[in-house]
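Chemist: Sharing the record's features from TrEMBL:
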type	residues	note
DOMAIN	30-429	domain 'Amino acid transporter transmembrane'
TRANSMEM	33-52	transmembrane segment
TRANSMEM	59-80	transmembrane segment
TRANSMEM	154-171	transmembrane segment
TRANSMEM	178-203	transmembrane segment
TRANSMEM	223-245	transmembrane segment
TRANSMEM	266-290	transmembrane segment
TRANSMEM	310-331	transmembrane segment
TRANSMEM	352-372	transmembrane segment
TRANSMEM	378-398	transmembrane segment
TRANSMEM	410-429	transmembrane segment
Amino acid sequence: MSEATRREETSTKQTEEELNSWLPITANREAKWWYSAFHNVTAMVGAGVLGLPYAMSQLGWVPGIIGITLSWLITLYTLWQLVELHEDVPGKRFDRYPELGEHAFGPKLGYWLIMPQQLAVQVATNIVYMVTGGKSLKKAWDLMVPHLGNVRKTYFILMFAAVQLLLSQIPNFNSLKVISLIAAVMSFSYSAIACVTSIIFGVKNNHLSQPSYGVRGKTTAGIIFDVFNAIGTLAFSFAGHSIVLEVQATIPSTPEKPSNKPMWKGVVVAYIIVALCYFPVAIAGFWAYGNAVEDDILISLEHPPWLISLANFMVFLHVIGSWQVYAMPVFDMLEAYLVKNLNFKPSTPLRLIGRSGYVALTAFVGICIPFFGGLLGFCGGLIFAPISYFVPCIMWQILRKPKRWSFHWYACWICNVLGVLVMLLSPIGGTREIVLSFKSYKFFS
């Protein structure tokens, strides 16, 4: 190797290190294991948990509980795979999902196979959370100020977007830790309120009029479409995988103390909290309202007004943090592209313009199509299922090559088959929900 080539490689490496020290994912690697716990809770518990009673009403008691349990187990397993593969090569960290994709599938195929999927997950989640934030704030407002309850949902989505415009200037992932912690606490709190108030409602009213626990579809076609949509809602509820490697990138790692151990510790704590939120809310909500439950359980709850208003405001606070957690990898990707490909200099103005433009884009789309239930089903299947259910298994099979008939061999193939089915079937139900909602929707209402 010539001296000129060596100098060029050294310069390129230094430039890469300087860029990584500025980009939001790799700028700070001082996170603790509990950071990963509340980042994962913030990312996972959100719009998904609010839609679980509705998914139960589309599936019925036994299939609904089985579906939630299977999703919990499968995604915990695939998340463990990602944590283990973060440092698959000794001395090298795959800090971003596309980087691991390049390692598994090759530089070109891997990047273009994973990057569009991850980007779609992040953007779709941010759009859904724009809708969720605005919808929850409007519900809180309507309950507390009923005589002024005719304010358009569009305005509340814009309020949510205004908050995100400010918070989007937070420089890196670790700087989100306080916001993420508050969001995680809010998610557990409103899940508890939804569960308890559903039980109280059920105890008071079920002896007067017994809810119907049959599936909500009235025709064979309706039942099938509802099942497809419910599967997508379940997939959306366990959609934290797209930020796992980025969260782990913030944890320090040495040969003696690799990052996978503290990261996995945080993941286990997060999944315990997820189970404590998901199962009680899904079961209590469906038990109390039967197949008359709304696609957002907090919309079904009315009494006491102050408590339900508080729960909706907690959702608003939670999705503020969730929006930022999902947006941070997008900011990282956007800023890296602007610096590497368009030769912009890393700077505060670049960050301000790029991130503000992204906030405006997601707000505009959220205002145009605020169909909560349909969005969960459509996005959950088509976009989230690959990232959460089977892409980690495929990468594990390529990189770790599990022995045929071993536990991991069976587990990977089961996840692959189920994940592909979810990806193919649930968008059909989600599309139908959106079409039905669109018939009665007025733009910017």
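Even glycines carry a Cβ here, placed using N, Cα and C.
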Chemist: Given the transmembrane segment (33-52), which of the listed stretches 59-80, 178-203, 266-290, 310-331, 352-372 has the most Cβ pairs that are under 8 Å apart from it?
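Modeler: Checked against 59-80, 178-203, 266-290, 310-331, 352-372; highest Cβ contact count belongs to 266-290.
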Chemist: Select the range from 59-80, 178-203, 310-331 that forms the most Cβ-Cβ pairs under 8 Å with the transmembrane segment (223-245).
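Modeler: Going through each listed stretch, the top one turns out to be 59-80.
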Chemist: Any chance you could find the range in 178-203, 310-331, 410-429 with the most Cβ pairs under 8 Å to the transmembrane segment (59-80)?
Modeler: 410-429
Chemist: Would you kindly list the residues that approach the transmembrane segment (266-290) from elsewhere in its chain, counting only those six or more residues past its ends and only Cβ-Cβ distances under 8 Å?
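Modeler: Cβ under 8 Å, 6 or more out: 33-41, 44-45, 49-50, 52-53, 55-57, 61, 64-65, 68, 72, 76, 79-80, 83, 184, 187-188, 191, 194-196, 198-199, 201-202, 205-206, 211-213, 237-238, 240, 244, 297, 300.
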Chemist: Who are the long-range neighbours of the transmembrane segment (410-429) in its own chain, taking Cβ under 8 Å and residues 6 or more past its ends?
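Modeler: Sequence-remote neighbours of the transmembrane segment (410-429) are 70, 74, 77-78, 225-235, 377-378, 380-382, 385-386, 388-390, 393-394, 396-397, 402.
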Chemist: Counting CB pairs under 8 Å, which listed stretch among 178-203, 310-331, 352-372 touches the transmembrane segment (154-171) the most?
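Modeler: It is 352-372 that shares the most Cβ pairs under 8 Å with the transmembrane segment (154-171).
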